[in-house]
Each structure stands twice: as C-alpha cells, then as structure tokens.
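Chemist: Relevant sequence annotations retrieved from TrEMBL are reproduced here:
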type	residues	note
DNA_BIND	B:18-57	DNA-binding region
BINDING	B:GLY92, B:SER93, B:GLY94, B:ASN95, B:MET96, B:GLY97	NAD(+) binding site
DOMAIN	B:81-182	domain 'CoA-binding'
There are 2 protein chains.
Amino acid sequence: MHRFSKKVSMTVVKRLPKYYQYLTDLLLNDIEKISSKELASLMGLTASQIRQDLNSFGGYGQQGYGYNVLELREAIKEILGLDSDYTCIIIGSGNMGHAIANYERFKREGVMLIGAFDVDPLRVGTVVGNVVVKHMDELEGFVKNHDIDICILCVPRGVGQQVAKTVTDLGIKGILNFSPLDLDVPDDVVVENVNITDSLFTLTYLLKEVTDPE
Amino acid sequence: MHRFSKKVSMTVVKRLPKYYQYLTDLLLNDIEKISSKELASLMGLTASQIRQDLNSFGGYGQQGYGYNVLELREAIKEILGLDSDYTCIIIGSGNMGHAIANYERFKREGVMLIGAFDVDPLRVGTVVGNVVVKHMDELEGFVKNHDIDICILCVPRGVGQQVAKTVTDLGIKGILNFSPLDLDVPDDVVVENVNITDSLFTLTYLLKEVTDPE
DNA sequence: TAGATTGTTAATCGATTAACAATC
DNA sequence: TAGATTGTTAATCGATTAACAATC
C-alpha cells in the first residue's frame with residue numbers, strides 16, 4: 001500500500017467528483033461495501049479502470065472483500081480537498097450568479113459564499129444567496145480583508161478577462177469560470193471552466209449523429 | 001482531400017466548439033487566414049493536433065497558405081450542426097432555467113426556446129426568456145404539437161431521472177442536462193451534462209495542488 | 001521558382017484493458 | 001481453508017507529437 005502518489009493525470013482527476021457522488025449515494029442507501037466490479041457497472045466504467053484510479057492514491061480496498069463505502073468516500077473527500085472549508089465570492093449577480101448562489105450543495109461541502117459583486121447599480125444592494133450584492137468598487141477592499149479562496153465568475157464574455165486579472169492580482173487562486181471564454185491567468189492560479197455554449201454545440205453535433213440517416 | 005470521415009473520437013468532438021469560438025473571434029477581428037501554428041498558439045494546442053483534428057473531417061487547408069478563417073469557420077459550423085435550426089424547451093424555471101433562457105448566443109446560433117415548464121404553481125405564468133412558463137401537465141400536449149429537438153433540463157436532482165424518462169418517451173432526442181446526476185436514457189438519445197458540482201470539486205482538488213507546499 | 005505550410009505517415013506517449021499473483 | 005477480489009504488471013489501444021513529402 002503506497003501512500004504517496006506519482007502525478008495524477010487530469011483524466012483521473014475529472015473522474016474523482018463522480019466517484020465521490022456515487023459513493024455518497026451508496027452511503028445514503030446504507031450500502032456498506034462495494035467491489036470494483038459493482039461500482040464499475042454503476043458508473044459505466046470498467047473494474048480495471050476503477051482499481052487503477054483508486055490505486056494512484058493508495059490502497060483503499062481489501063482483497064476478497066472490495067471497498068468499504070464509508071472509508072473510500074472519506075478518502076476521496078479528502079483527496080478532493082473537501083475536508084477543508086473554502087470562502088468564495090460571486091462576481092456578476094445575474095441569473096447565473098443567482099443560480100450558483102442557491103446551490104445548497106456548495107455550502108454543504110464547505111464552500112461558503114461570503115460576498116457578491118456587480119457593476120450594475122440596479123443589482124447592488126439586492127440579495128443573492130445569503131449575501132448582499134456590493135459594487136465592484138468595493139471588491140478590492142473586501143478581498144484584502146477576507147482571504148478568499150474561490151471566485152465564481154459569472155460576468156459577460158466581454159469583461160471576463162479583465163475581471164479575471166483583477167481577482168488574480170488580488171491573490172485569489174481559484175476561479176470557477178462561467179463566462180464563455182478561456183481565461184489567461186498566472187501559473188499558480190487554477191481555473192475550471194463551465195462553458196455552456198460549448199456544451200450546447202457538442203450536443204447539436206451529437207444530435208446530428210443520432211438523428212441523421214448517414 | 002477526403003470527404004467522408006471515419007468515426008471521429010469524442011476527444012476531437014469536444015474541441016470542435018472551441019475551434020468554432022476562436023474562428024468566430026478571428027473573423028470578428030477581420031483576420032482572413034491562419035496557419036495551424038498560429039491557431040495552436042492561440043488555443044493552447046499543437047499545430048499537429050490541429051491538422052490532425054481538421055483532417056478527420058476534410059482538407060480545409062491549403063499548403064503554403066494555411067486555413068481561410070471564413071471557410072473553416074463555415075465548415076465547422078456545419079460539422080457542429082449549427083447550419084440547422086433547433087427548437088428547445090426548458091424544464092425547471094428556477095434561476096438556472098432563467099440563466100439559460102437569457103443566453104443570447106443560443107438564439108443567435110439557431111437554438112430557439114419555444115417553451116418552458118415547471119411544477120411550481122408560483123412559477124407557472126411567469127416569463128422566462130421570451131416564453132411563458134407552463135405547468136408540467138401541459139408538457140405532453142405541447143411536445144406532441146411542436147416537434148422539439150432539445151430539452152434543457154434544470155430540475156432538482158431528485159426528479160431528474162423521472163423527467164428525463166418523460167421527455168425521451170415523448171421522442172425528444174437531445175438533453176442538455178444541468179441536473180447534477182447521470183441520466184439513463186435510450187441509445188438513440190444524446191445527453192450533454194453540465195455538472196457544476198463536479199466542476200467545483202475538480203477546482204478544489206486543483207486548488208490543493210497549487211496551494212499546498214507538498 | 002523558393003518558401004511556407006498543409007496532409008499524412010510513422011514514432012511516441014499515455015490511458016485503458018487484460019491477466020494473475022497476492023491476500024483477505 | 002476456499003472463494004473472492006484487490007493491487008499491480010503486461011498487453012493493447014488510442015491520442016498526441018514528430019517528421020517530411022506533397023503542393024500551393
């Protein structure tokens with residue numbers, strides 16, 4: 001059982017949240033143990049893949065038995081960094097900002113919304129999630145006083161890069177980016193893109209594939 | 001120059017919307033031609049990768065010159081199926097439903113929102129995008145009368161699978177799924193998932209990587 | 001024509017699958 | 001113990017990179 005992982009590939013990382021979700025569901029259904037084979041059929045992966053994936057982090061299973069759901073879930077929770085709490089702010093309090101602010105799951109996993117910002121005077125002062133929207137002018141002061149881990153970016157495409165520069169200059173290291181553009185950020189900043197336009201276009205492509213006679 | 005493509009891998013398909021986006025931007029900046037090398041540095045890919053990708057669809061380039069931006073963009077637009085129009089409905093008119101309904105880009109690319117549905121009586125009758133929210137009871141009749149291409153699913157996790165079954169039973173072949181669960185659908189239905197929770201957890205993982213001393 | 005850059009083949013790299021010894 | 005299932009190595013498959021002849 002090796003403790004320390006060689007560099008884990010992005011392919012594996014992207015599957016971790018799925019493992020976490022499925023294990024959480026199993027736990028809620030009082031399932032105590034699961035084999036790589038069972039989990040594979042549940043998740044649409046192969047048993048080999050699962051054993052390879054999990055073993056890149058450590059030996060969480062037991063020969064002849066399988067994996068203990070509770071233990072494995074805890075391990076993946078920790079790997080995902082969900083044993084810590086995070087502070088976050090939302091920039092852009094339009095519908096997308098509101099949608100995200102109301103995701104109960106974020107808070108439940110320790111990601112706390114503590115601020116929201118917008119340039120639109122009509123939105124400043126309104127409530128999003130459980131915070132009052134402040135004007136962007138107050139961003140700098142706020143970030144300097146609060147040690148923010150994550151910025152959830154929900155601004156229009158046209159201003160996305162500029163806002164990203166502002167927040168990274170202020171020292172924020174993580175961006176969950178809903179603005180439909182690729183951000184240029186320093187090396188020590190991580191960005192996770194949620195590009196809805198790209199998803200729609202992937203769908204229209206696939207739709208052609210299943211619909212057309214070809 | 002071969003016209004008909006062997007099966008294109010999902011890896012390539014997922015890059016197509018990005019090509020489309022970058023080419024659209026280039027066109028707006030009046031750039032007429034681009035080489036694989038230039039496009040690669042713009043998009044963060046390699047020139048080889050780009051030439052391989054584009055060649056799986058056909059020979060769009062010209063030796064010694066590069067690619068004509070307008071022509072290549074048109075080609076990819078067509079490959080993505082964006083030369084056709086699509087009708088779509090939104091199910092679930094919460095904040096996420098509203099956010100999507102207001103994406104101007106969808107309409108601009110020919111994806112027309114023609115209906116929205118919700119179970120909440122307080123939401124029925126309100127306006128989302130440019131349509132009035134109907135009760136879910138009216139879904140069946142509506143879909144039977146309108147030939148819907150795409151369902152944008154913005155309902156809570158708990159009812160996602162059930163609603164997915166309803167719409168696929170009604171013959172809808174494409175689902176853009178914002179509900180944070182994996183849907184089980186027939187083989188001739190395509191689903192594109194936008195799983196915001198998964199994205200957040202990927203971000204917390206990456207955040208640990210850049211922040212920790214290790 | 002000479003220079004540039006594609007299309008395409010071959011080489012490399014990485015991810016998935018298969019197989020099985022280790023072991024609970 | 002015998003059966004089951006992991007951890008891990010080896011084989012296969014697929015995607016990326018490199019290289020270069022074709023050609024604009």
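Heads up, the Cβ atoms here are built off N, Cα and C, so glycines get one too.
Since we're looking at a predicted model, the values are computed, not measured.
Locate each feature and note its surroundings.
Modeler: Tertiary proximity for the DNA-binding region (B:18-57) is limited to same-chain residues at least six positions away from its ends with a CB under 8 Å from its CB atoms, namely 5-6, 8, 12, 65-70, 72-73, 75-77, 79-80, 82.
Cβ environment of B:GLY97 (NAD(+) binding site): B:ILE90, B:ILE91, B:ALA116, B:ASP118, B:VAL128, B:ILE152, B:CYS154 lie under 8 Å away, each six or more residues apart in the same chain.
Note on the domain 'CoA-binding' (B:81-182): DSSP counts are 36 helix, 29 strand, 37 coil.
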Chemist: When each of the binding-site residues B:GLY92, B:SER93, B:ASN95 is checked against chain A, which show a C-beta distance below 8 angstroms?
Modeler: B:ASN95
Chemist: For the binding-site residues listed here, B:GLY92, B:GLY94, which shows the highest count of neighbouring CB atoms within 10 A?
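Modeler: Of the binding-site residues B:GLY92, B:GLY94, the highest Cβ count within 10 Å belongs to B:GLY92.
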Chemist: Under a criterion of Cβ-Cβ distance under 8 Å and sequence separation of at least 6, what residues of the same chain contact B:MET96 (NAD(+) binding site)?
Modeler: B:CYS154, B:PHE178
Chemist: By a simple count of other Cβ atoms within 10 Å, which of B:SER93, B:ASN95, the binding-site residues in the record, is least packed?
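Modeler: Sparsest of the binding-site residues B:SER93, B:ASN95 by Cβ contacts within 10 Å: B:ASN95.
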